[in-house]
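**Q** Take this structure first; my questions come after.
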Amino acid sequence: MRFGWLEVAALTAASVANAQVFDNSHGNNQELAFSPPFYPSPWADGQGEWADAHRRAVEIVSQMTLAEKVNLTTGTGWEMDRCVGQTGSVPRLGINWGLCGQDSPLGIRFSDLNSAFPAGTNVAATWDKTLAYLRGKAMGEEFNDKGVDILLGPAAGPLGKYPDGGRIWEGFSPDPALTGVLFAETIKGIQDAGVIATAKHYILNEQEHFRQVGEAQGYGYNITETISSNVDDKTMHELYLWPFADAVRAGVGAVMCSYNQINNSYGCQNSQTLNKLLKAELGFQGFVMSDWSAHHSGVGAALAGLDMSMPGDISFDDGLSFWGTNLTVSVLNGTVPAWRVDDMAVRIMTAYYKVGRDRLRIPPNFSSWTRDEYGWEHSAVSEGAWTKVNDFVNVQRSHSQIIREIGAASTVLLKNTGALPLTGKEVKVGVLGEDAGSNPWGANGCPDRGCDNGTLAMAWGSGTANFPYLVTPEQAIQREVISNGGNVFAVTDNGALSQMADVASQSSVSLVFVNADSGEGFISVDGNEGDRKNLTLWKNGEAVIDTVVSHCNNTIVVIHSVGPVLIDRWYDNPNVTAIIWAGLPGQESGNSLVDVLYGRVNPSAKTPFTWGKTRESYGAPLLTEPNNGNGAPQDDFNEGVFIDYRHFDKRNETPIYEFGHGLSYTTFGYSHLRVQALNSSSSAYVPTSGETKPAPTYGEIGSAADYLYPEGLKRITKFIYPWLNSTDLEDSSDDPNYGWEDSEYIPEGARDGSPQPLLKAGGAPGGNPTLYQDLVRVSATITNTGNVAGYEVPQLYVSLGGPNEPRVVLRKFDRIFLAPGEQKVWTTTLNRRDLANWDVEAQDWVITKYPKKVHVGSSSRKLPLRAPLPRVY
């Protein structure tokens, strides 16, 4: 397998040999940001709830040969098995087919008879932990029923630094606390269904431009390395790492490392982010898998903490791999210590046992590569058996109910001057805009939803699923109006402005539908290369609104979008009587919307991002042109922790609609704030100390002769195997750089299996256990002061007090139901992490001595209750 994998590793080692101070300037004469090295890669120890699964993993891995361990770590290649990623198998020990990994965070990609769930951003708009869990559970059930072992989701990267970032909709919200809670609940739901969840994309994967070299070159950008996201230590901990800590604390089984570089070290071979932050500090017990083709070196990635290579080949279907045979070679010749591969296998099998795959597992009953019933066993090369590859198993169960419920619960009522809810007595209803109707090519007519035709219920890319059906707004509204004896007139061509004007002038209410789309960078739609070119509405949307508003004084605007759009030119027009953001609601789109429009569901959703007046209101623009010659484009996160509402607050800029805003058909009041310290001597912060045990090894390595290709094996072209062609390791590797001295490419300490010091901020999954001790109890009385029953989302923000801190940061929230006139006392607690800052010198969390305050209300800028926090440490 000819590839200079040692050479790549050497370059990686050299790039991290000397940690340097973060530098924001670039150019041929300027130093770039560097990522400090951290070695060796921590070995899993089965802490806490992982103990039993870890014990079982050790038992089975101890029986494995080196080749069998390697088989678990390496995918067999793109389109070589049924799933988008599938490892080798270990049939001798009962793992009769490889572990199947499959997209996506909102449903099963490349499949059929599955559900299409609301996107992550819609879940964030519900602010509902239970709904997040139930969605995760339902998705997990569907993946399990299709024979999938590893669900490639949910996502908290991108977090949302850029409002126009292409994949922000796959995640939840630019707020780390809101994202972290819903991220964790989704993971719990998926794994309670018996499927391994994957927290992705780790980390700082905030834009699509320049994420992959080949992709960027295809768009005409002359770069040779992927983008580097350059961030300081404080921002990393307090913003971007925060939700991943919640994921690890929730027991996530897998973490997917990202395409981008972090401080000029690739995400899947970055020892600082994988070894130190994820495994040593956060105590992650599961396995790290690469994003597809994000694996850039063999030895370098192995020593830096990567545990699984996906899809196994270097480029799709090239038959080459950094691992597979090469990983077997590297262990046999001592380049990679045996304990490192043992740890990879143990981590994979620990996650496998943790979620119960040994009890629930069935073979994949679908093919990602064809909808035909029969096909080649190995699709990429048309080899193996011609066999049944699709069993057409319907896995939808009754999940349409939770999809519809989340769709309605995530529908944000941004403005309402009394137009909503509709009474059902409207005689003439206009439904205007392409976004109300069907895609003329069919709901799944564009591969990976890579177009913007008809209503937008899902964005584009690998984070998608096939719709089993799609209820459009036009269909649902028409059914509702007709059942009420009314008339409905629809114009769904955005170029038919004169026809829209005619309908609007005759309608008692005009419902206008507009959208804005985005997605993954491998698809460009209308010149949007994944990321959006701007924040304007798509397909003449502004002109559609202008036309209708000028002819109808009761215009309701419904926005389906991946994130914020610019609404400043029309939102305050008196003829715009209501504005709804419906996000990406999935297959029940129209039904969910009608439930809210007609008052069957009282809206309770809150916007999970800020609506600014201009794109400039959000701060730093996307990096859309290379700024480092043909080297890695440098994306400096100079705004630090100040993104979204934190940025608006810092600039004292008033948004159109603030983070957390959302109206209801009733009203709520807040009163009687109470704050009580809970700290005692037993709750004092205790930095973790001590050291690990030595790196364990399991089983014997054997010799090269033990790992020759088995006699009689019919080798599949380009399939990634763990075996050797020859007992001559150099010949088996077929690497032109084989034989380099270790000192040329092995970082210092990378193979040290002796006991290692524990980090002060570590000690358990999620970080130091005392970070999660409750220090303060806060309560407030919430009253439904209106005439309609409904849910309210109380939000608690903290002012951390420091001179360079955000004005407020969200820390707690809930969603509570109140009948008209009913009062409830909402009680929550603040733990040490909620009140702490990351100290870059101490490398630990500290509660500063600056005075702190707590604020409670209905949004980030409607906080009627506030009080000083007692001093706790």
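Using N, Cα and C of the backbone, Cβ positions are placed for all residues, glycine too.
Feature table excerpt (Swiss-Prot):
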type	residues	note
ACT_SITE	ASP291	active site
CARBOHYD	ASN71	N-linked glycosylation site
CARBOHYD	ASN222	N-linked glycosylation site
CARBOHYD	ASN263	N-linked glycosylation site
CARBOHYD	ASN326	N-linked glycosylation site
CARBOHYD	ASN333	N-linked glycosylation site
CARBOHYD	ASN365	N-linked glycosylation site
CARBOHYD	ASN453	N-linked glycosylation site
CARBOHYD	ASN534	N-linked glycosylation site
CARBOHYD	ASN553	N-linked glycosylation site
CARBOHYD	ASN575	N-linked glycosylation site
CARBOHYD	ASN679	N-linked glycosylation site
CARBOHYD	ASN725	N-linked glycosylation site
REGION	731-764	region 'Disordered'
SIGNAL	1-19	signal peptide
**Q** Around ASN553 (N-linked glycosylation site), how many other C-beta atoms are within 10 angstroms of its C-beta?
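**A** Around the Cβ of ASN553 (N-linked glycosylation site), 15 other Cβ atoms lie within 10 Å.
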**Q** Going by DSSP, is ASN553 (N-linked glycosylation site) sitting in a helix, a strand, or coil?
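**A** Looking at the DSSP assignment, ASN553 (N-linked glycosylation site) belongs to neither helix nor strand, so coil.
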**Q** How big is the gap, in Å, between the Cα of ASN553 (N-linked glycosylation site) and that of ASN575 (N-linked glycosylation site), rounded to a whole number?
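**A** ASN553 (N-linked glycosylation site) to ASN575 (N-linked glycosylation site), Cα-Cα distance: 4 Å.
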**Q** Can you check which residue among the glycosylation sites ASN71, ASN326, ASN679 has the largest number of Cβ atoms within 10 Å of its own?
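**A** That would be ASN326, with the highest Cβ count within 10 Å.
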**Q** For ASN222 (N-linked glycosylation site), which DSSP three-state class applies?
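**A** The residue in question, ASN222 (N-linked glycosylation site), is coil (DSSP, three-state).
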**Q** Can you give me the Cα-Cα distance between ASN453 (N-linked glycosylation site) and ASN534 (N-linked glycosylation site) in Å, rounded to a whole number?
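**A** Between the Cα atoms of ASN453 (N-linked glycosylation site) and ASN534 (N-linked glycosylation site), the distance comes to 19 Å.
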**Q** Quick check: of the recorded positions listed here (ASP291, ASN326, ASN534), which one has the Cα closest to that of ASN725 (N-linked glycosylation site)?
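**A** Given the candidates ASP291, ASN326, ASN534, the nearest one is ASN326.
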**Q** Per DSSP, what is the residue tally for the region 'Disordered' (731-764) in helix, strand and coil?
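**A** For that range the per-state counts are 6 helix, 1 strand, 27 coil.
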**Q** Would you pick out, from the glycosylation sites ASN222, ASN365, the residue whose Cβ has the largest number of other Cβ atoms within 10 Å?
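**A** Max Cβ neighbours within 10 Å, all protein chains included: ASN365.
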**Q** Counting only residues 6+ away in sequence within the same chain, which have a CB under 8 Å from the CB of ASN575 (N-linked glycosylation site)?
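**A** Those within reach of ASN575 (N-linked glycosylation site), by Cβ under 8 Å and sequence separation of 6 or more, are VAL549, SER550, CYS552, ASN553, ASN554, THR555.
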**Q** Compare the C-alpha of ASN333 (N-linked glycosylation site) with the C-alpha of each of the recorded positions ASN222, ASP291, ASN365, and give the closest one.
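**A** Considering only the listed recorded positions, the nearest one is ASP291.
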**Q** Among the glycosylation sites ASN333, ASN453, ASN725, which residue has the largest number of other Cβ atoms within 10 Å of its own Cβ?
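**A** When each Cβ's neighbours within 10 Å are tallied, ASN453 leads.
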**Q** CA-CA, which of the recorded positions ASN222, ASN263, ASP291, ASN365, ASN679 lies nearest ASN326 (N-linked glycosylation site)?
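**A** Looking at Cα distances from ASN326 (N-linked glycosylation site), the smallest one goes to ASP291.
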**Q** From the Cα of ASN222 (N-linked glycosylation site) across to the Cα of ASN679 (N-linked glycosylation site), what is the distance in angstrom?
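**A** On Cα coordinates alone, these residues lie 57 Å apart.
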**Q** What residue among the glycosylation sites ASN263, ASN534 has the most other CB atoms lying within 10 A of its CB?
**A** ASN263
**Q** Using Cα coordinates, what distance in whole Å links ASN534 (N-linked glycosylation site) and ASN222 (N-linked glycosylation site)?
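**A** Counting only the Cα atoms, the answer is 23 Å.
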**Q** Of the recorded positions listed here (ASN71, ASN263, ASP291), which is spatially closest to ASN222 (N-linked glycosylation site) when Cα positions are compared?
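**A** Its closest listed neighbour, by Cα, is ASN263.
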**Q** In terms of DSSP three-state secondary structure, what is the assignment for ASN575 (N-linked glycosylation site)?
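**A** Note: ASN575 (N-linked glycosylation site) is coil by DSSP, not helix or strand.
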